[in-house]
Structures are given as structure tokens and as C-alpha cells.
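Annotation source TrEMBL lists domain 'Pyrroline-5-carboxylate reductase catalytic N-terminal' at A:21-107. Per TrEMBL, transmembrane segment is recorded for A:204-229, A:249-271, A:292-313, A:347-365, A:386-407, A:419-442. Here TrEMBL flags A:249-394 as domain 'Ferric oxidoreductase'.
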Amino acid sequence: MNKNSSNTMALTPNTSNKRETVCIFGTGDFGRALGHKMLQSGYRVVFGSRSTQVSSLIPKDAEVLSHAEAAQKATIIIIAIQRQHYHFLAPLAEILLGKVLVDISNNLKINQYPESNAEYLAQLVPGAKVVKAFNTISAWALQSGTLDASRQVFVCGDDMEAKQMVMDIVRALGLTPLDQGSLLAAQEIENYPLQLFPMWKFPIFLSLGLTAFFFFYCLTLDVIYPYVYENKDFSFLIAISIPNKVCPILALILLALVYLPGVLAAIIQLYRGTKYRRFPDWLDKWMLCRKQLGLVALAFASVHVLYTLVIPIRSFVRWRISSYTVSQALNNKTEPLDTTNAWISDSYLALGILGFFLFVLLGITSLPSVSNNVNWREFRFVQSKLGYLTLILCTAHTLVYGGKWFLNPSSYKWYLPHAYMLSLIVPCTVLVVKFVLIFPCLDKPLTQIRQGWERNPKYSE
Amino acid sequence: MNKNSSNTMALTPNTSNKRETVCIFGTGDFGRALGHKMLQSGYRVVFGSRSTQVSSLIPKDAEVLSHAEAAQKATIIIIAIQRQHYHFLAPLAEILLGKVLVDISNNLKINQYPESNAEYLAQLVPGAKVVKAFNTISAWALQSGTLDASRQVFVCGDDMEAKQMVMDIVRALGLTPLDQGSLLAAQEIENYPLQLFPMWKFPIFLSLGLTAFFFFYCLTLDVIYPYVYENKDFSFLIAISIPNKVCPILALILLALVYLPGVLAAIIQLYRGTKYRRFPDWLDKWMLCRKQLGLVALAFASVHVLYTLVIPIRSFVRWRISSYTVSQALNNKTEPLDTTNAWISDSYLALGILGFFLFVLLGITSLPSVSNNVNWREFRFVQSKLGYLTLILCTAHTLVYGGKWFLNPSSYKWYLPHAYMLSLIVPCTVLVVKFVLIFPCLDKPLTQIRQGWERNPKYSE
Amino acid sequence: MNKNSSNTMALTPNTSNKRETVCIFGTGDFGRALGHKMLQSGYRVVFGSRSTQVSSLIPKDAEVLSHAEAAQKATIIIIAIQRQHYHFLAPLAEILLGKVLVDISNNLKINQYPESNAEYLAQLVPGAKVVKAFNTISAWALQSGTLDASRQVFVCGDDMEAKQMVMDIVRALGLTPLDQGSLLAAQEIENYPLQLFPMWKFPIFLSLGLTAFFFFYCLTLDVIYPYVYENKDFSFLIAISIPNKVCPILALILLALVYLPGVLAAIIQLYRGTKYRRFPDWLDKWMLCRKQLGLVALAFASVHVLYTLVIPIRSFVRWRISSYTVSQALNNKTEPLDTTNAWISDSYLALGILGFFLFVLLGITSLPSVSNNVNWREFRFVQSKLGYLTLILCTAHTLVYGGKWFLNPSSYKWYLPHAYMLSLIVPCTVLVVKFVLIFPCLDKPLTQIRQGWERNPKYSE
């Protein structure tokens, strides 16, 4: 490299140091974007195309040849064409013998074909080494360079060396390769970019259902009841008051549902006397989406906090307080401070604040970058010890909120209990059962079972 | 390794397993820190120095030799001297032939020299393989071991093997190497540690400008106007009331500015009938800093929330409410509940809360560790669908807040509209245009264009 | 691979592409979980066991042989047995010659044995290449596939090639290997999973101590004093009012303690005239836990914010305001607005809000994934410039809160100052000393010292 070369801001380094040549079959959107990015990273790129006319859209530094010619120039061939056109590769089988074919295709639906595109390609060109990669990256992200979304590229393939070569390219493009194993993983990799929060579906549908139920329950008691019996229009409660009853109820129930499967699993293990039998499927799935359940609960809790904090700004509340004060003044009486009431009001708020604070802490530790920096013992300490403390505080918050109303029959409209009472069922059950499980007579065998001990070793089939 | 060796807590493993020798030219601050860290990681370190007198500052286990002698002992030579002294390496060219020279230098200004230090080094010693690395790590961080800041080491170089060797050392020191391609990337790597939030500059200056404008606008209407016409001193509004008008205005405008470029890009693509022509430069830059714009908007929204929630604690507000209540009591009248008012007040607060909640959700998903764990489809769902929902909720929040004032001429002081009305211009425009773009007659061709279709293929130059 | 093979969803790819064979000594819980995971990733697995009877718990696709036979089938042998049984490996030394032994063991206590388990293994089987790995992963996490906790596997060993082989396996299992250097790092790696937030201990104990002190201090002044002198029961203040005094005090003190060591270090460096002498041990330790101190301070500040925002909802506060308004109405007087009071109240709240906002910003930038994406200059800008601004705002918030009470002797009960006055000592000291250090006559030599200059070079021993 002489003095001059540094002034001409070439896209690629001098020839002797240049990276290997990569061939790209297909000059579509993604093929071009990938070619452009590879040229920038110092690769030579040759496109294989039906028409070898140089289109203005193809990067200038790249060659365009027929498929057969292009394939001969490189060891690695990126197949940037759609699955339905793969069959044209069959006649090229001889030229592709021993080459590394990179399948980057995606489908339109999950499990669209019986076998993955990469496996189909491997069948069509049996002599080639097929590697699945790049399908999770969008052409737009490659072009614009704004990889705000994931930089992770899942790679799989049966040939170790071929996979390594592809992973080197991935790294050279500034992306992060993730080895996913053999080509059998291709199906999963092809489904991945089509997924839309699969782990969140159950928690979100569950909470939507519960929200609808509790919303109409509260609507009945707070809006319809006074309208029927007192002909009062409280419909404006729909905006804040009723959501502010539904949110804490859902937060509490969902938080309890995070800890319920753990308690159930303990009971099942104790009953079976072994940890080596699989849990029922529904319990397994439930346990896998506990994090998501907890985060949805946290979302409801956060909205509840905001709804609660705006209470004194609401015009209805201001009117109520003002009316009360005016009526007191007009009746010429000053009420003394009710210390019991002050105690209940303050401790209910304090419990809620502490519970919410711990809840947010749990949420922060579930951020991937934070949980990556704690060891297993610390993670369990936070998610189990602090988690139960949060549940206890939030349950106590709701219990104290209820305060004296529990035994007051006049507070039961239409013989229906208050909504918050319903919300206490699950968390109280979880806490009571967990408390029972802590007793040494149950905790000791459970610990032994979890360390691999079996009550009846022959039990295993 | 015999029994004794495990008791003597040596810094390095026994000789047969020791890593290779690394030479460091220069015994300055960073050279010593790097040498110390390498010794800890099991490398043999030999310093090349003008004076071979062993200074007390140099790690004990390291040898100090003349430059020529030191260079002969190792394949990898780290050049821990400043660029202005590089010329002394020219006479050593013969000894350095084929060696890996690691340039770790930084400059004081961005683009200080026409070529990067690493390229300059490559010109001075043409026979050596130059690799750029380590310049983003501070000596202090290496010494103290508290790498709270980035552990990422950008590596670039023209020789693959040399780069791999350097990346192995980086990994062995507990750092994360990032291959940035050929030596041409050195300029960018050398500029990187000199940058101070380059992507944030435009959003921050824009928001400072807008803040200043709206602050003085509100000051005029809320403090100067009543002072001139009613001779009242409302200067204390500067602390909370006026900031609490400016913050939501900026949050709303900046949030709308996040979605405006996307709308503009769609119009340009529709007009041109192709996606293959570059957008104007200003639009490209605007699109690249959308994330930062959105986060600045979120910051303003968060401060607005806090300012709003402290309203009932403010002594001015307490005085106003108390005065109002007292005057009501003295006039012996109780006002009935105004349900319309209650509806407006509650729904305006509810819209704001939901909008802010979604806004925070958007902010959380833009955390690098979270966005790394979602696929492209999920990322687009959150940033586009949820983003527009946030914009709609926040715009509705502002519209309902305005409520009945819009058509009230007495509320226009000095014929100037309220500040919040100005804030509605951009978001309403974005929402209307976006709504129009959703119509099938526009959405269909746009989708085709984005999939690569061109209205007039010959258009491309 | 023919058409049929893609339909039979085999766990592993066809034979020719299969990965190498790995041997696992020990059929315990972790050994089986690891074996299962390896089979899934395409490895052949052979278990070495005392009893070669095939247990139902061992994965079906794995072979079970005697230790000697199993060892001969593989290059890599994973020792999934406890340290106290390692001695049985000594007789196998001949077969294990040249093999890679992977020590995955953990201890029950930190530094339980004089040497690490891996070093002990290396002594027992001198001819083998010992690599430490996998000890940070739990069997449960491997089995369930829910690696919510860390995916990081620390690897160390004296033989480069052996280590590389183990790191390849780690990657193939979907985990992230982290090279920790030579086998001497094994002790630390073995201690790692036994740690429970070691860096957090000092900040948490310190804050617990300070909390206890300030809680009883406030209890004395706010509950015991009025009870003794006025016989009033204010015990309900324990729930919110007193915590809401303690939290901001601790937040401010801890925040100041984050910046105090930096100021002390500057004074020490100025006094010594060199940066090359180690700081006293306590200062070093203090500096290393600054991030944790700051985050604990942020936690206290957040709780303070929540406690403050619920003030208007508290039944005690509502009663007080209502009583005051009623008494005003009964006395038939309306108080005019006190503008000074409005100024003080508003600016104290505004300072607090801005201080808290910056504090949260500091907290967000200390998230690992965020701090990984900023360069050193940006990190220092945020943590130092923004950090001091936060400290200034929070101190000003407290000073303005105090307002006119400072010089009011009647506010000193039992001659004790208000608690918030005590909280101002540390932050004010830090700010004053920092202000002095900014003067050029001190800043210039300090900058020189930090760049490596020494006042008295012979000083160094």
C-alpha cells in the first residue's frame, strides 16, 4: 500500500488482502442488499442471474454472469431466490458439487411446507453443503445500516466447515452469528421471523379475558346499580375509576399466577416422589411463560399507580372534597382526626408503594442484559425471595384497602362481593400453600427430590 | 504441575502452557497498563524502549529491551507511542518485516490527519501487517478492571490472519473484539472514541430551540400579559406551570416528528414510483435519528407526568382550591356535580395515562438488549403499530384537554392561540396523511413499490 | 439426505455430518442433563459409569460403558462427579493421557479447598489437559431450555487447543463461552456461582445502618416529642411521613458518597504528586462499588417520589386541609396569595423533579446493554457531568425545602437539628471541595498527574 492509495478512498482494500469471492444467485431486493454490504466488507461479489445484462440497480463493483459461470467463481453461493424457483438448481448439480449453498429464504406462513426450504434445497442438490442463514435480517436493515432491531443471524447446517465459513461472513458484515446446530433446525429458524410474540399470547389473551370480566363486573356494581336504584348517572367512572379497580385486580391475580405453577409443581413432585417424570403439558407451558405473565402484571400495576396518582387532579374528586368541606363549614362543625383511619390509609398506601417498588425491581432484573450479569443463585434469590415478598406486600395492600368493609353487609350490592375480594382468592391460596410447603416435614423431602432422590426408584418406566 | 505449584499463587501458569510473547513499543501509560493486563492473562511481555533502564513503573515480570531486540522476540508488536513519533519505526523496517503491528493510537480531534494513524503506519512500514485495535479502551479501565463502560474492542486490518491473532488477544483479556473489516475502517475507528453522542445532536438542538420558543411564548401569555393588563405578579409560574406546558408540547411535536419522515418517504416513493432512488440527504439523516427523537420526546413526556402529578402539592394550587372552597362556603352555595366536566377531566387524564404507558413501552423495547431479542416482525409491530397508537392517544389527550376552549374567543390573549394548539399542528398533519395513505388505492401501489416493483423501470439512470 | 429423511423428524442429522463423540463420567443429575442437551445438538454421547446397567433416566441415544471403555471412545471427557470421588481417576491416568478433561464441579462454600477442583484434578491426572467450564449453568436450566438467567459459561485452562474444543461445544449448545485465561482462574470461576451480590453488600449494609439511624432520629422528633410534650398520638406517621423523610435523606447522602471517593482520590494524587501509587485499600473498594451505591440511592429517590406523590390522597392530609379550610370559612377570612411561598414551593418541587429525572437517566445509562453502546468519552460525560448536575439539583432541592426554617430556633426540638439538615453535610462538602478542585491552580497539575506526569519521579520505590 503506497502513499497514493490512502488518498483515493476506495471501497475495498488492495487486492492481495481482499477477502474471498462470494457468489449470489438472484438479483432481487435482498440479493442486491446483501451483495452491496459484502462489497463494503471487502468481499468480491459475483451475481448469478438469468439475464446477464448489467442492471443499474446492481452494485457497480459486482460482476453479473450466468448461474453456471458465477457458481464456478466461488466456493460459497448464496441462494437469494424464492423456494418455488429452486428446481432450476437441479440441472446445475454437477457444478454445485461440494459448494456451500446458503439458503436465506423465508416463507409466508409458519410451517408452510412439510420440510424446511433449506432441507428441500439439500435434497435438490445432494452434493452441496447447505447452510441456513441470514433469513432473520431484513433487506432494509442491511441497506440502511440502522440495525436497531436484532443483529443476530441464526446459522445451521450439517457440515461444520461450511457453517464456519458462513459464520465468518456473518461476523465480517458486523452481525452476530448464532450456531443453531444441524440442518434440522432450519424449520425453526424459518419460522422464527414469522412469529409475533408467541410467548406473550397466553398471558395477553388471559389478561384480556379477565379484564373484560372484571370491567363488566365493576360496571354493574358502580354504574348500573346506582342508575337502576338511585337514577344517578355515574357513567364518567368508566374513564378512570373502573379501570383503576380493574388494573390492580389483574396485577394481583397475574402476579399470583406467576407463582402458582411453582407451587403446583412442588405438590406434584411431592406426590410422585420423584422429579424425573415430566409435568403435564399445560403446567410446562405455564411455567415457560411465567416471565411474560409477571411483566403483564407489572404493566397493569404501573397503570394502576398512574391512575391512583391522578386522583386528586380529577374534577369529580375535587368537587366531592370541596362539597364535603363546604357542607362541614355550613354545618359549623370540625371533625377531629380519626387516628385509626389515618393508620389504615397510610399503611395501605405504604404497602402498595413498597410492593410496587419491588415489582419494578423484579421487572428490571428480567431485562436480558441485567439477567445476563447475575449468576444462577442471584437470579433465583431475586425471582423467588423478592418475588414472594412482592406478592405478600401486594396482597397485604389489597387486604388493608378492604379494611373494615369485609364484614359490612351493606357494602354488598345485589349480594355480589366487591371486585377486589375476588382478586384475593388466587394470591391468598398461593401464599397459604407456599407457607405450608415451607414446613420442614414437607420442605425436607421436597429438597431431596429436587436433588435427584426418588421415593420409589422402580416407579420410573 | 505438581502439588506445590498450586500453593504458590503465581500470576501465570507454568511455562509449557504459557501463551506467546507479545512485544510492546513504548512504556507510556497505556503501554504499561496493557502489558500488565497481558501478563495477568498469561502472555509473556517484552517492552521495547529507548532507555532500557528498568523503571519501577513497568510490571516486574516484563522484560525491557531496545526496540530492535524486543521486536525480534515476538510476532505481535503493539505500538503504544504517539503518531508524531512513528517515523522512528522506518529504520526498523527490516526487523518488522512480516510482523503484526497493532496500532492503538487515538487522535485529539475528529479527522485530525488526512489518513488514519493505522494507514500512516502501514505506509511507513510497508512490510508489516498493520491491525488497528484497543483504541476504544482507556488505560484506567484496563488498570482498575472496572469495565463499566464498553468492553467492545473494534479491530480492523487487511491481513486476515494477523487480525485473527489480535482478536484472540482481545478475547484473552476479557474484552469483546468486533471485526470492522479492512484497514480503511481505521479512520472511523479512530474517530469513534472522540464522538460525543453524534446521533443525539440534531434531536437535542431541535428540542432546545423549540423549548426556548415555547417557553417565551408561554411566558408572554401567562406572566407578561397579566402583568401588563392586570398588574399581577405570576412570575412563580416559571418554576412549574410554564415548564409543564412546554414539556407536553415538545413531547407531542417530537413524537410526531418521529413518524413524519416515514410518511414523507411514502409520498416520495409513491410519486417516483420506485424505491430504488435515494431519498434526499436530509430525509435519510432524519430517518436515522428517529429513535433518538423518540427518546427525547419520552424524556419530555416523563417530566410532564411528574410536573402534573405534583400539582396538588403546590402551595399555589392549594391556596386556589382553598380560596374557592371558602368563597363557596361564605356565599352559602353548593355546586352540583357537572357530569360533562367530570367526563372531560377523566377521559383527558385516562388518554394521557394510556398514551404515556405505551410511550414507556416503546422506550423499553428500544433498549439494545430488548430489541436484540425480538425478530424483525415484532420490532416493526411495536415501533409502527404501537407507535401510531401512542401518537393517536397523545394527540387525543391534547385535543380533549383543549376541550371547549377552542371556539372561545375570550381565551385568545393578544390574538395569539394557546401554545397547546400550536403543538397539535404537526401530529394532526401526520395522522391525517397516514390515514389517507392507508386507503387501498394508495396502500396497494405503495406495498408493491416497497417489494421492488417499479412504475417506470427505465426511470433508473 | 434423501426425500424420506426429511419426514422422519430425527433428533440428529445423518451420520456423516455428526459431531464428535463426547464422554461423560458420572450419570448424576447434571451429567444426564448435559448429555441430553449434547445429543440434541448433534453430538454422540457415551456415559462412563460404575454400573453399566442402562437406567431409564439416561437419554436413550447415549451409550453407557465402564469408565475405561467410555474414555477410549472420546477425546473430551466431562467429569460430572463430585470432587471427593476424583481419586478414582488416578488409576485411569494412562487412558486419560492427552485427553481433555472438563471439570464442571462446584463447591458448597467459597474457597472451600486450598486449591480449586480443576487444579486438584490436574494434579491427579497430570497427563490430561484440564479445562474448567459449565459450572455456572444449572441442570434445571439445561433441561427446561429456559435460560432466563445467564447464558455465559466461563472457560479456563492451560491448554489453548483443549480450551478451544470446549468453547466450541459451549457454543454448539447455544451458550456463550467466555475465555477466562489459565487454570489459575478456576478458583474464581468456582467461587462465582456461590456469590450473592458481592458488590452490593457494602452499599446495602451502609444504607440499612443509615436508614435505622435516621428512622429513629425522625421517630424521636416527630412521634416521641409530641407524645411527651403535647400527649398527641402521631404514631401513624411511621407508615409514610417518616419513611418519606428517611428516603430522600438516604438518597442524597448515598449520591454524595458516589462522588466523594473521586474527590478524595484527586486530593491524594495532588498531595502525592503522582498517580502511580496505589490508593489505600478502602478507597479502592469504595471506588469499585460506586455504581451500586448510586443505584441504591436511586432506589431510595424513587420510593421518595412515590411517597411524595401520594401525599394528597392520604386521609390525614385531606383531614388537615379540610380542617384548615373550614376554620378559615368559619372565621370569615380569605388569605391572599403569598407569592414568596408559591415561589419557594414551586421551585423546590421543580428542582426535585429535574434532579430525579437526571438521576433516572444516570440509572438507565448504567444498564449493561446501554453502557456497552457508548464510548468512553460519552460514558464519562454522563457519569461525571450529568452526575454532578444531579447532585447539585438534589442538594438545591433539599436546601430550598429547608427554606426559612434554618434560622428559626423554634424549629429545633430538643436542640436537635432537623434530619434533612444532617443529610446536607456530605453533599455540600463534596460540592465545595469539587468546586475548589476546578480552579485552574489545582485543575492543571491534577490533569498533568493523570496523564502520567510526576512531581517527584524518584519518589517511586
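Cβ from N, Cα, C; glycine included.
Cβ atoms under 8 Å from those of the transmembrane segment (A:204-229) belong to residues 197, 235, 237-238, 241-243, 245-246, 249-250, 253-254, 257, 293, 296, 300, 413-414, 416, 418-419, 422-423 of the same chain, restricted to positions at least 6 beyond its ends. Across the domain 'Ferric oxidoreductase' (A:249-394), the DSSP tally of helix, strand and coil residues reads 121 helix, 0 strand, 25 coil. For the transmembrane segment (A:419-442), the residues of the chain that approach it from at least six positions outside its boundaries are 214, 217-218, 221, 245-246, 248-250, 252-253, 255-257, 259-260, 263, 266-267, 270, 388, 391-392, 394-395, 398-399, 401-402, 406, judged by C-beta separation under 8 angstroms. Secondary structure of the domain 'Pyrroline-5-carboxylate reductase catalytic N-terminal' (A:21-107) per DSSP (helix as H, G, I; strand as E, B; remaining residues coil): 32 helix, 21 strand, 34 coil. Note on the domain 'Pyrroline-5-carboxylate reductase catalytic N-terminal' (A:21-107): its mean pLDDT in the predicted model is 86.
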